[in-house]
Amino acid sequence: MAAADGDDSLYPIAVLIDELRNEDVQLRLNSIKKLSTIALALGVERTRSELLPFLTDTIYDEDEVLLALAEQLGTFTTLVGGPEYVHCLLPPLESLATVEETVVRDKAVESLRAISHEHSPSDLEAHFVPLVKRLAGGDWFTSRTSACGLFSVCYPRVSSAVKAELRQYFRNLCSDDTPMVRRAAASKLGEFAKVLELDNVKSEIIPMFSNLASDEQDSVRLLAVEACVNIAQLLPQEDLEALVMPTLRQAAEDKSWRVRYMVADKFTELQKAVGPEITKTDLVPAFQNLMKDCEAEVRAAASHKVKEFCENLSADCRENVIMSQILPCIKELVSDANQHVKSALASVIMGLSPILGKDNTIEHLLPLFLAQLKDECPEVRLNIISNLDCVNEVIGIRQLSQSLLPAIVELAEDAKWRVRLAIIEYMPLLAGQLGVEFFDEKLNSLCMAWLVDHVYAIREAATSNLKKLVEKFGKEWAHATIIPKVLAMSGDPNYLHRMTTLFCINVLSEVCGQDITTKHMLPTVLRMAGDPVANVRFNVAKSLQKIGPILDNSTLQSEVKPILEKLTQDQDVDVKYFAQEALTVLSLA
């Protein structure tokens, strides 16, 4: 296959072809990735007659190389001469669809599915369907698994006799001895059902579905639950009760929690597929059971779906069903022993406010929100605080502040400093949701109180919190509201609080810009250079180094430099050191 020596233009191609045989896997991989270049150079005839047979014969390679090959072949139609020759790509892909490595098989199936659309109906019957049958009847489970993904792409365009054969082959795969094959069939059942005629769905797909849904392996049963969504969408309402619901009821009470989890996970899709009547009679009780399930994973999956499930209930019975059947379960979940369950619920529970309206929210939901705000799990608290806006829209800021704000203030003053820290971290989020006026009235004093907390980590977090608030509300707000209070602390008798002033100025200067920093904050820093406590004085030097780049040169020369030079003569070694460092960094030395 190597190109003739005399033809220089083909030399790189000869190299690439030789590399396909090279012992070094990296070289083989590079060559496979350039396969389209080789094919272009060889032309369509030689690609069909030489390259493809060569590739088909050498499919015993590293998985990485095979994966690249399976991917490349899916885009090869034009390189073999277009749709009339596309069947030439089937032999190498068929071999790849039988290898042991799942990733390679899946990629080969993906490429086969892609090129199936380029076959004419007669080519499908002559070339593609025989391949599907060979794979489906293969000795190794690997080939039978691959076959499952190929039925739905060829079924719609073949004759009714061939369709009947394909349905028979698929039925065999659904009852295969190997669980892996039944699993593959179950995962493709919904997709196959979509391309079948309605009568065949009822007469053939439903029995397969029922069998798979009662398979001895839970991994097969849970995939049947996924298929249930697709199948239910295809059937007319009057057939659902007899054909799908018995199986679905059985799955919702399956002995394996993984199957029940899958039901909970797909619950709102099932709800849309079966419609409002069956939802009311069947799914509401099933949902109650899932919310009370003994397995935490199942309760968490159901909790995630609470809001969406309630939204999808039909309007005439929605409020009644939620209040009488769903809310009692939610109340229990709020104090669940498992934090994943509580967190899942907290992420969606606020969404019930718009559904239930103002009065119900105030009477029934606010007590639950309050309980969650006080939960020991930070995830739960965060999920409530981050969704306050949708409650705010329903009940208004005043009502919200009367009920939830005391709880937030209580947490902000909690004896455990880690709880205080958590609330500080939520503060910018809260401020954004509640707006500037409300913040100034209710929360500003809290934020200032944290700056003088006795725990350093709180003071530090409160400082960076101020910066985030200024980013939200703007520097004019900072100038009017925050800066005066921060500067007032510079005269505090406690030197730790005086130092906090400097730390705040360090971060505020970044967001407030040159003008406010120079006019309002710098004078305080310079004045503090005369503080009796050395710790404060060396922090003045550090602050000047930090805010120096924001100031203009004349200010640096006339105001900052003299103070730093004075500090280099200080009797304290640390003060001297930091003053000298600041002069050097600001190029004033």
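Just so you know, glycine gets a Cβ as well, placed from its N, Cα and C.
Swiss-Prot lists A2 with the feature N-acetylalanine, giving a large-scale study or a structure entry as the kind of evidence. For 8-46, the entry in Swiss-Prot reads repeat 'HEAT 1', with the evidence type experimental evidence. Summarising the annotation, Swiss-Prot assigns region 'PP2A subunit B binding' to 8-399. Residues annotated as repeat 'HEAT 2' in Swiss-Prot: 47-84. Residues annotated as region 'Polyoma small and medium T antigens Binding' in Swiss-Prot: 47-321. According to Swiss-Prot, the feature repeat 'HEAT 3' maps to 85-123. Marked as repeat 'HEAT 4' by Swiss-Prot: 124-161. The feature repeat 'HEAT 5' is assigned by Swiss-Prot to 162-200. Residues or ranges marked as repeat 'HEAT 6' in Swiss-Prot (evidence: experimental evidence): 201-239. Sequence annotations record features per position, and here Swiss-Prot assigns N6-acetyllysine to K280 based on a large-scale study or a structure entry. Among the features that Swiss-Prot reports, repeat 'HEAT 9' is placed at 322-360. Sequence annotations record features per position, and here Swiss-Prot assigns repeat 'HEAT 10' to 361-399 based on experimental evidence. Positions annotated as repeat 'HEAT 11' by Swiss-Prot: 400-438. What Swiss-Prot records for 439-477 is repeat 'HEAT 12'. Summarising the annotation, Swiss-Prot assigns repeat 'HEAT 13' to 478-516. The repeat 'HEAT 14' annotation in Swiss-Prot covers 517-555.
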- Message: Using a Cβ cut-off under 8 Å and a sequence separation of 6 or more, which residues in the same chain sit near the residue listed as 'N6-acetyllysine'?
- Response: L313, S314, C317, V321
- Under an 8 Å Cβ to Cβ limit, what residues of the same chain, 6 or more beyond the ends of the repeat 'HEAT 10' (361-399), are close to it? 323, 327, 330-331, 334-335, 339, 342-343, 345-347, 349-354, 407-408, 410-411, 422, 426, 429-430, 433-435, 438
- Message: Give me the DSSP three-state residue breakdown of the repeat 'HEAT 3' (85-123), ordered helix, strand, coil.
- Response: 30 helix, 0 strand, 9 coil
- Task: Would you report the average pLDDT that the model assigns to the repeat 'HEAT 9' (322-360)?
- Result: 90
- Residue distribution over DSSP helix, strand and coil in the repeat 'HEAT 2' (47-84): 28 helix, 0 strand, 10 coil
- the repeat 'HEAT 13' (478-516), counted residue by residue under DSSP: helix, strand, coil: 36 helix, 0 strand, 3 coil
